[in-house]
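Visitor: Swiss-Prot feature annotations, pasted as is:
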- T19, D53, E114: Mg(2+) binding site (BINDING)
- K40: active site (ACT_SITE)
- D53, E114, G115, A116, G117, N174, R175: ATP binding site (BINDING)
Amino acid sequence: MGMGKGYFVTGTDTGVGKTRVTCALLHAFAATGKTVVGMKPVAAGCENGMWPDVELLAAASNISVQREHINPYALVPPIAPHIAADRAGIEIDLEVIRQAHLELKKKADIVIVEGAGGFLVPLNDHEDSVALVQALGLAVLLVVGMRLGCINHALLTAHAVRAAQIPLAGWVANRIDPEMAVFKENVLALEQRLDCPLLGILPYDQNHDARDLSSLLDIARIGMSS
């Protein structure tokens, strides 16, 4: 066991496939013999008494841990986290998340933390996801939802990550628009400009099993100079 390491997964927007990629990353690391656990510090959007992202991350983890460590804050409405928390009469506390993360690091070799929404999403009145990543001391992996406009969103996000002096350790192209024109050219444009390794390209198919998708990710490239 011992103190594990890990990454923070952010995306170019909400709904770009962060959970899909995080689960695939967990399976990829597990395939190398590591103990892995996914964490969703703040989940917003309850369906039938469950938070789907949290369920998927727990299922993709290969050790059993307390649910409140995987997901310290579970908010019912699928809206911006700080607004959902405010409506519930609570304030998201980064120290609570940090302590939960420490507990996971004691138990797993790799902890992969999935953010809420995009990189600059507020978590309370004075802190955002940037402050959370800094508090956890993690490098960022960027999920680019491949659709028209994604180049701008990806470069803006990369700029924000680096402006906060946080390492950008890799990116994943996740195809979310099957009709996207000049797909390959967009991937190439991002490869040329993001200045971090492309870990893989995930196809458009909502039914893909995360374990199958994991074979499309080259985790050995994480953190390499591109």
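Our numbering is plain: 1 for the first residue shown, then up by one each step along the chain.
Just so it is clear, glycine is given a Cβ too, placed from its N, Cα and C backbone atoms.
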Visitor: Within 8 Å of the centroid of the Cβ atoms of T19, D53, E114, which other residues of that chain place their own Cβ, given that this set defines the recorded Mg(2+) site?
Guide: V9, K18, T22, C23, G38, K40, A43, V54, L56, L57
Visitor: For G117 (ATP binding site) and D53 (Mg(2+) binding site), determine the Cα separation and express it in whole Å.
Guide: 12
Visitor: Within 10 Å of T19 (Mg(2+) binding site), Cα to Cα, which of the recorded positions K40, G115, N174, R175 are there?
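Guide: Among K40, G115, N174, R175, the ones whose Cα sits within 10 Å of that of T19 (Mg(2+) binding site) are K40, G115.
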Visitor: Whole-number Å only: compute the distance from the Cα of E114 (Mg(2+) binding site) to the Cα of N174 (ATP binding site).
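Guide: It is 15 Å, counting Cα to Cα.
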Visitor: What is the biggest Cα to Cα gap, in Å, among D53, E114, G115, A116, G117, N174, R175, the residues listed as binding ATP?
Guide: 19
Visitor: For T19 (Mg(2+) binding site), which DSSP three-state class applies?
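Guide: For T19 (Mg(2+) binding site) - judged by DSSP and reduced to three states - the answer is helix.
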Visitor: Test of understanding: give the count of other CB atoms lying within 10 angstroms of the CB of the residue listed as 'active site'.
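Guide: For the residue listed as 'active site', the count of other Cβ atoms within 10 Å is 27.
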Visitor: Whole-number answer please: how many Å between the C-alpha atoms of K40 (active site) and G115 (ATP binding site)?
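Guide: G115 (ATP binding site) has its Cα 7 Å from the Cα of K40 (active site).
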